[in-house]
Each structure stands twice: as structure tokens, then as C-alpha cells.
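Copied from TrEMBL, the annotated features are:
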SIGNAL    1-25  signal peptide
BINDING   Arg100, Thr391, Leu392, Asn393, Asp415, Ser444, Ser445, Gly466  L-glutamate binding site
ACT_SITE  Thr373  active site, nucleophile
Amino acid sequence: MKPNKNVVSLAIILLLLIGCKTLPATPTGLVTEKAMVVSAREEASKIGVEILKKGGNAFDAMVATEMALVVAYPFAGNLGGGGFMVYRKSDGTTGALDYREKAPLSATKDMYLDSSGNVIPDMSTVGATAVGVPGTVAGMIAVHDKFGKLPLEEIFAPVIALAQNGIVVTQKQAEHFEAYRDEILEVNGGSTTFPIDAKPGDILKYPVLAKTLQRISEQGRDGFYKGETATSLAAFIQQNGGFVTVEDLAEYEAIWRTPIAFNYKDLRIISMSPPSSGGITLNQIFRMMEPYKVSKYGHNSEKEIQLFTEAARRAYADRNYYLGDPDFVDIPKETLLSDAYLKKRMESFSFKKATKSSDIQEGNVQMAESMETTHYSIVDHEGNAVSVTTTLNGAYGSKLYSDELGFFLNNEMDDFSAKAGVPNMFGLIGAEANSIAPEKRMLSSMTPTLVERDGKLWMVVGTPGGSTIITAVAQTILNAYEFNMSMQKAVDAPRFHHQWLPDVIMFEPQGFSNQLKDELRSKGYNINEERTPIIGKVNAIRILPDGHLEGGADRRGDDTAVGF
Ligand code: DON
């Protein structure tokens, strides 16, 4: 049978229309042909690229970039913290690495409570008592053992040189030093060797840190978890009243995990599995939004904000109750991610009126403006991609700085739920699933993510921001996909956030009109008025149809894309 002429013309018009809709956005960020690193500091991105140029792959560049951030960005770059990595190799295989800190062997469920059962202020956030067993070095060595091409010493060489020769203090870095000066002095005393009074343009050298890095470069994980470093570190933490021992350090292992992967329209999104809540919460938000014509509502329009907020409200409520370290708790993952469950969750949603989060606890919850974690994205010339988020938790972690080793220690123990129902420093309310136990990993929101489109790698994305990480990653993907923005624009666009409790929408200062906020208020939404926070500091890469790469380095920081 001959096809009808009209049907053929209609099909061609339809194809053209579909084609038009998916015409990729013109890049506005850095475009390179083969490879790219986007991180919080130019020095770190450059060192990652240097390793790629020497024949290293994305995994070698990951180790180099992460170690360079320890030197150039002590605010969050770390030896004394932990993180997560999601990868996709050029052959399409994916995986994830968990190098999250864990509770020391001596930890107990009530370790941060006084005799009346109340949370002791600052104990899980400031100083040695807040420190979890660091995972970063184990993570780097695990990645290198499994996928690395270049020798460890070659990867570490430019990082050690950076520590010896020094980094130039930027304006933003000097502002960080200033902002945290008093806290760092209070924890470490006035004789601290951390250069807290440095000014923009000063050159900071870290000879002690260079020696610590040298030991790791020569001895691998034993250069950190055993011998001189481990003995010094455990003694230092204990002298300051903390719990981490040489035994804790010797026993620490990074764990390879299966990422959370799901479809959203014609995207496939691959993100971090527990003990991060990122992947599951992202999955829930996207699948709750999927039935709606998001692109038609308009970017940051009232309807988009309502839909996103209601999906996030429901997803964070589940996050806080059900999620924890999968090696300790049973997470009802199948149910939480099933279509039937998510459909039911959204049955109560209407564009007419806000759903109320039960037990509103705003008022006694502080939403701190906090970008203290850091994320970097890498794509190499073979097409391998890594998405990595790493943290000390707070800015400079617990503020405890080892003069003998040259680095800060985390305050990740605060990511546990010290007491059910009491919010942590991100205002997150935890439950039994995230209670403290020896060797357990604390629940995280870090969401290193990769996105495939039509079966090919399309985006590498992630951000700091504590509890706001998940919503900032989700909005960056939506900006690029639903609203067809370039990578740089998708990263720079103003963001908003809702996390169930407290029941408020936070808006970044620019980009949301008073009229829009009034309309939302009239529908019963609470709007956070007191503060004008930054939400997230996203570093992302988009792969263009011709294989070129577009960087999205967040305007909110010193973040820089470098590539070739
Ligand atoms: O793992 C987490 O979710 C937190 N420790 C991340 C902390 C963070 O992003 C701080 N910066 N805003």
C-alpha cells in the first residue's frame, strides 16, 4: 500500500517540530573539544587537566583535582573529610564510590546528649568531638587502584609542588578566612599555623601539608591510615577530646556501590545511592514531576515552583524518615521509588493551594547559608566521566586544624540524627534510620550525578549546599532539559528550595518578583524572608551533539572550567 501524501507531509512537519524543540541551547560557558575539569578553584581544575594531558584518564584527574583542592580550597577540599563519586566509563558502564566518613568504634547512639537527654550544643559541630573517621584518602586510593593509568607519584607531583610553591589568595577566600577567623582561633588557639590573617593577593605555602601529601604519594593508603600520619592524627584528635583512634583509621575502607539510576522523560539520571540520600530523593522528585508539562509552565514560574516544591516536600519527608546507612538499616527502596507509591504521594497535590507540612518547626530552625562542601565534574578525551562531591561538612569542618599534618578535620558527625526530631545544622530532622552507631556512616545529601540523553552521556553535575544540594542539582537538570538553557545559564539561574521542614520556600535574592511571592503566599506557601542566601554552587559539564564540552562553573564562587 502506498503511503498517503498528506500523512507523509504531516509526519515530516511533526518530525521538524520535534527537531526544533530539541535544538540544543547555544553554549555560553567555556567550550572545549576533548576534555574538561570544572572545580571550585582554577588551580585545581588546571592540575586535573595537566594530568589528563599527561595521558591520565578522568579517574587520575579526579585524584589530582581532589588533592589540589586540599591545598587551594581548605574551606571544603580535604584530607580530613569524605565524599562520593559517581562514574560513567566511555563504554557506558556506571558505578559509584562511597568514601563517606564513619562513626568511630567508641560511638554510641546518645553520645551527643546530656544526662537529661538534651542535645549538647556544639558537641557534634565544633572541635574534636565532632570528627568522624576520614574517608577521602581511602577513596582516592580505591579509585586509583581500580581505574588509574598513571603512577600515584606522577599524579601527586603537581599537587605537592602547589603546596610548596603556594597559592594566591583570592578575594572570596580572604572573605572566608575573615568570616571564620574567630571560630578557628577559638578551637585551635592563637598559635595556629593556619594562615587565617591572609589577605587577597598573598601567597600561601603549605610545607607541612606537602610532607603529608608526599607520604600518601609514596605509601598509598598506609601513608595516611597507618604509621606516622595515623599516629599523629589519632593522638591529636584525642588530646583535643575526640574519639578517633589508630584502630578506627586502620579499619576505614571506601565502598563501591551501585548508583541509583532512573528515567525522566527521555533522560536517564544516574546518581548517588545511600548512605547519600541524593539519588533516592532526586529520583522521587523527578518521578513525581514527570506527568506534568513542566516546560510549558516557564522557568521559575509560579506553577513550576509549586510543582517542584510539592514534590520536594514529599521526597524530603521520606528522606528524613527512611534513609540511613544501608549497611545498618533496611531502606524500603523499591516502595519509595515505585510508580504506584509516587503517584499516590502526589494525589493530594493541587495548583490551587499549598499542602502543609505536618508539625511545622520553623522558628527554632536556622537555615544557614552554607556552601562548604565542594563539587567537581570531569570528562576526559576518551569519554569517561566522573562526578564528585567532597566535604568537611561545615566551613573548615570542625575548625580543628592539625599543625603537625597541615589539614582540617571534618564535623561530619553532625549529619547523624543526634536525637530523633531535633534538627541538625541544616535544619534536617532525622529519625532512627540515621541514629548513631559504631562504624555507621551518617546520612548525606551529596548528589554527584550524571545524565544520559538518547543513551549518550549528556551532563555531569553536582553542588555543595547541605540540604539544598538535591534541589539545586534537580533544578540545574530541569533548566537545561525543560527550559533548554546552556550549561552555564542553567548553573547561574536563580534557585529556590523546600525541604519539608521547616515548611518554607527559600529563594535566592535575584530572579523572583514580589508579585510571584505574593501569589504563592496567597495559596498558603510560607516564604523565607529574613535571609537572602545563596543556594548551591554548581559545577557541571554538558556534552554537545558534536562531542564538544560546555562547562558550567558557578558564578557564585571562584569556580572555573579548564579544558582542551
Ligand atoms: O553530606 C552532607 O549532606 C553534608 N555534610 C554536606 C555539607 C555541605 O554541603 C555544606 N555546604 N553547604
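In case you wondered, yes, glycine gets a Cβ from its N, Cα and C as well.
Everything TrEMBL records as a feature, shown here on the structure.
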residue	record	Cβ within 10 Å
Arg100	L-glutamate binding site	30
Thr373	active site, nucleophile	30
Thr391	L-glutamate binding site	30
Leu392	L-glutamate binding site	32
Asn393	L-glutamate binding site	32
Asp415	L-glutamate binding site	28
Ser444	L-glutamate binding site	29
Ser445	L-glutamate binding site	28
Gly466	L-glutamate binding site	27
Within 10 Å of Thr373 (active site, nucleophile) (Cα-Cα), which of the binding-site residues Arg100, Asp415, Ser444?
none
Which of these binding-site residues (Arg100, Leu392, Asn393, Ser444, Ser445) have a C-beta closer than 6 Å to some atom of ligand 1?
Asn393, Ser444, Ser445
DSSP on Gly466 (L-glutamate binding site), three-state: which is it?
helix
On the three-state reduction of DSSP, what should I expect for Asn393 (L-glutamate binding site)?
coil
Secondary-structure category, per DSSP, in which Ser444 (L-glutamate binding site) falls:
strand
Give me the largest Cα to Cα distance among Arg100, Thr391, Leu392, Asn393, Asp415, Ser444, Ser445, Gly466, the residues the record lists as binding L-glutamate, in Å as a whole number.
14
